[in-house]
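This report refers to the structure that appears directly beneath it.
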Amino acid sequence: METEKTQTAAEQMTDRDLSEQIKKVTKESHVRAENTELMLSFQRGKVTLPQYKLLLCSLYEIYQALEEELDRNSNHPGVAPIYFPAELARQESIEKDLEYFYGPDWREKIVVPAATKRYCHRLRQIGKENPEFLLAHAYTRYLGDLSGGQVLGRIAQKSMGLKNSEGLSFFAFPGVSSPNLFKQLYRSRMNSVELMEEERNGVLEEAVRAFEFNIQVFDDLQKLLSVTENNLQSCLTHSKPVNAKGFQIPGTLISSSPLLRMVLGFFVALATVSVGIYAL
């Protein structure tokens, strides 16, 4: 009888843990995120170079926004306990990968869909208005990347035929010697954050929203890739002869179609990188 009471008390304590509550409310969204076309490509070992490059572009924008807001709010009581820039920060790692694939002028070549911009806007917004909500996004992104980082990194390397770890810095966490122990520490820090009931409910809602943003980004990236391929085929079929610098498309067509300008810019970058990759 005493054992049952102790077990019940332990379960009640666990149920009150913020990390467990987030896990519970995001369970359905987590499954949906794993079943997006982009994530399924990773799981099946069939991720392509264009998919990975587009993903990196969006991850750069997302982590730039997230980490700038975490830095700015590092002393906030809802952020300080889970602030681990030395161990978790991804922005510089992604910058290395982007430079590897796109070259030194990568900032001029990256392309992101509307969903990525909405995600970043939300991160900036809560950084100013509700810094404690950043906890939900940090948990969703960092622990997700930390959990699958090494495995996904190997999958990406094999799928894209990369001969070494160059271009895969995003998946490496040199400041974390034991991912499992670090995740335990991170969750305990999360659970130590003192929140009023309204704030806690807000964090839980934000965690669901974080997953939804990621799902939208994954879907938009796949759509952007499809549009890029379709427009490329159209350009190859209907454009004027190509000179040494690239495609010659009528100026009126380019000026009247922002989307076409975007996908053409992406393709030029992709073609440049692809030549380098296949030359290895």
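First residue shown is number 1, and so on along the chain.
Every residue gets a Cβ built from N, Cα and C, even glycine.
According to TrEMBL, the feature heme b binding site maps to Lys23, His30, Tyr139, Arg187. Around Arg187 (heme b binding site), the same-chain residues six or more apart in sequence whose CB sits under 8 Å from its CB are Asp17, Ser19, listed in sequence order.
Annotated transmembrane segment per TrEMBL: 259-279, in sequence order.
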Lys23 (heme b binding site): tally of other CB atoms within 10 A of its CB: 14
Heme b site span - longest C-alpha distance across Lys23, His30, Tyr139, Arg187, in Å: 18
